[in-house]
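A.B. asks: Quick one: the structure is below, questions incoming.
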Amino acid sequence: MLKMTERPVQRESVGPNTQHAAYSEKEAASMETDNRTLLFEKLPVHRAVCRQIIPAIASQMIALIYNLADTYFVGMLDDPAQTAAVTVVYASFVMLTAVSNLFGVGGGSMVARALGKKELREAKQISSISFWGGLFCAGLFSGLFLLFEHPLLVLCGAREGVYPFAVQYAKWVVVIGGPFTILNTLLANLVRAEGSAVGAFAGVSIGGLLNIALDPLFVLPQFLGMGSKGAGIATAISNMAAVLYFIIYLARRRGATVICIDPRALSHTKEHLRGILAVGFPSAMQYALTVVAIAAQSRFVSKYATEAIAALGIVKKLDQLPLYFSIGVSNGLLPLLAYSHSSGNQTRRRQAFRFGCSISLGFSLLCFVGYEIFAPQLSALFIDNALTVRYSTAFLRIMVTAMPMMSVCYPCIIQFQAMGRTREALIASVLRKGVLDIPLLFLMDALFPLYGCMWVQPIVDTVSLGVATGLYLNIQKHDRIEAAVPLHI
């Protein structure tokens with residue numbers, strides 16, 4: 001009978017390098033936790049808000065500049081059809097933002113609230129679900145757009161002379177580059193959610209600055225001369241570079257960050273996905289309805305003149321300065337508001353919200369004055385066509401009246417999302433886009449042909465702000481009543 005000898009168990013040796021690596025990873029995680037606690041709990045409110053919103057605003061300004069770059073460099077061709085093509089496709093580009101916000105804003109709010117409860121593992125799970133959910137929807141959206149490209153572009157106002165340019169531009173911006181656009185915005189929101197606003201800013205900056213550098217190279221005739229198609233290629237390449245940056249950023253900070261894109265972290269998927277979609281849905285719906293509103297407005301304007309469509313595109317670009325500023329303020333506020341709400345520090349949340357709103361409103365008032373005074377000069381920056389500039393000047397002076405209301409609407413909606421108030425966020429969102437503006441387009445265009453369409457947004461934003469304020473005051477009243485009721489054990 002053979003006697004089996006037991007082989008000694010070989011233990012994995014832990015050398016000084018392995019120990020040092022493990023210690024460094026734990027040390028990095030501890031330092032990151034301390035930094036989050038300092039930002040979200042200990043810094044004075046105005047300093048904490050500024051630390052979050054300044055990089056977020058800067059990110060939005062760079063995103064604005066590279067959005068303007070397409071219109072600006074295509075406008076230098078002095079071809080209203082190509083400028084109009086960029087305007088027509090912009091509606092589909094906004095839809096990409098809707099998809100990214102579904103998972104980026106929803107996931108970002110959930111991550112920040114998990115951190116407020118000190119649930120680091122839950123934050124990792126939520127971020128992984130957000131990333132892979134966003135990637136799946138990005139591929140699905142690009143495929144569906146390719147399948148229904150012709151009716152969608154025609155619906156958005158691509159007339160016979162504009163359609164060929166719109167197809168070429170959309171191929172690169174939506175079909176090929178769309179998934180990278182979605183992931184760029186999504187990852188920036190997730191990174192910002194843990195308090196790393198500078199890291200998010202760096203990623204957005206890389207994409208934006210690269211786009212600005214590539215646009216003249218691809219668009220202008222003295223270089224590659226690809227026109228509006230070249231602008232689309234530049235946008236796609238830029239967003240690819242930004243996504244690559246975020247992947248490298250997260251890999252290098254693997255031990256310190258709670259933002260995880262590893263599919264192995266997918267856990268409690270159904271539960272977390274429900275929360276992500278519930279919080280992100282109002283933001284996504286607002287952008288999706290923006291697409292419908294832009295398409296409807298372009299459709300109304302397109303029956304007048306190609307120059308009017310081009311002018312509307314220019315005004316939409318100029319209108320984005322206060323809009324993107326307000327979105328930057330809101331994006332920066334979201335983690336701070338969500339963390340404070342989750343940790344029970346409602347006083348800090350309210351103070352941060354008020355301070356952020358005052359910054360957003362102040363900037364919008366400056367833009368209002370500047371745009372009213374310099375409307376012709378600003379319009380002429382984008383195209384050397386007298387009729388287009390004339391339309392653009394008139395449109396701009398009407399639409400800027402919406403800016404002060406809009407600048408407070410966005411922080412209100414983002415606060416509802418930070419608090420997990422899906423119903424209030426959804427009501428405020430759909431009022432801004434979809435419920436009021438499309439019916440008003442029919443009425444205002446009938447009463448004041450062409451120019452009446454431009455008065456729709458100021459009316460809608462005024463009503464939306466009133467409703468959002470009422471909803472917020474109702475929440476405050478409810479919270480005060482609950483706080484006043486004694487607990488009976």
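A Cβ is built for glycine as well, from the same backbone N, Cα and C atoms used for every other residue.
Below, the features straight out of TrEMBL:
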type: COMPBIAS; residues: 1-10; note: compositional bias 'Basic and acidic residues'
type: REGION; residues: 1-29; note: region 'Disordered'
type: TRANSMEM; residues: 48-69; note: transmembrane segment
type: TRANSMEM; residues: 89-108; note: transmembrane segment
type: TRANSMEM; residues: 129-149; note: transmembrane segment
type: TRANSMEM; residues: 169-191; note: transmembrane segment
type: TRANSMEM; residues: 198-219; note: transmembrane segment
type: TRANSMEM; residues: 231-251; note: transmembrane segment
type: TRANSMEM; residues: 272-296; note: transmembrane segment
type: TRANSMEM; residues: 321-340; note: transmembrane segment
type: TRANSMEM; residues: 352-374; note: transmembrane segment
type: TRANSMEM; residues: 394-414; note: transmembrane segment
A.B. asks: At an 8 Å Cβ cut-off, counting only pairs 6 or more apart in sequence, do the transmembrane segment (48-69) and the transmembrane segment (129-149) clear the bar of 3 or more pairs?
C.D. replies: no
A.B. asks: At an 8 Å Cβ cut-off, counting only pairs 6 or more apart in sequence, do the transmembrane segment (169-191) and the transmembrane segment (89-108) clear the bar of 3 or more pairs?
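C.D. replies: Counting Cβ pairs under 8 Å (6 or more apart in sequence), the transmembrane segment (169-191) reaches the transmembrane segment (89-108), since there are 3 or more.
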A.B. asks: Can you name the far-off residues of the same chain, 6+ from the ends of the transmembrane segment (129-149), with a Cβ under 8 Å from a Cβ of it?
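C.D. replies: 92, 95-96, 99-100, 102-104, 106-108, 110-111, 167, 170, 174-176, 178-179, 182-183, 186-187, 190, 261, 263, 266, 269, 272-273, 276.
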A.B. asks: Output the single range from 89-108, 198-219, 231-251, 394-414 maximising the number of Cβ pairs under 8 Å to the transmembrane segment (272-296).
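C.D. replies: That would be 89-108.
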A.B. asks: For the transmembrane segment (231-251) and the transmembrane segment (198-219), does the number of C-beta pairs under 8 Å, pairs 6 or more apart in sequence, reach 3 or more?
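C.D. replies: These two stretches do touch.
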A.B. asks: With Cβ-Cβ distances below 8 Å as the criterion, list the same-chain residues six or more beyond the ends of the transmembrane segment (198-219) that contact it, or say none.
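C.D. replies: Cβ under 8 Å, 6 or more out: 55-56, 58-60, 62-63, 65-66, 69-70, 72-74, 76-77, 184, 187-189, 191-192, 225-228, 230-231, 233-235, 237-239, 241-242, 245-246, 249.
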A.B. asks: Taking a Cβ cut-off under 8 Å, which residues six or more beyond the ends of the transmembrane segment (394-414) line up next to it in the same chain?
C.D. replies: 105, 282-283, 286, 311-312, 315, 318-319, 322-323, 325-327, 329-331, 333-334, 337, 353, 356-357, 360-361, 363-365, 367-368, 371-372, 375, 378-379, 425, 428-429, 432, 451, 454-455, 457-458, 460-462, 464-465, 468-469, 471-472
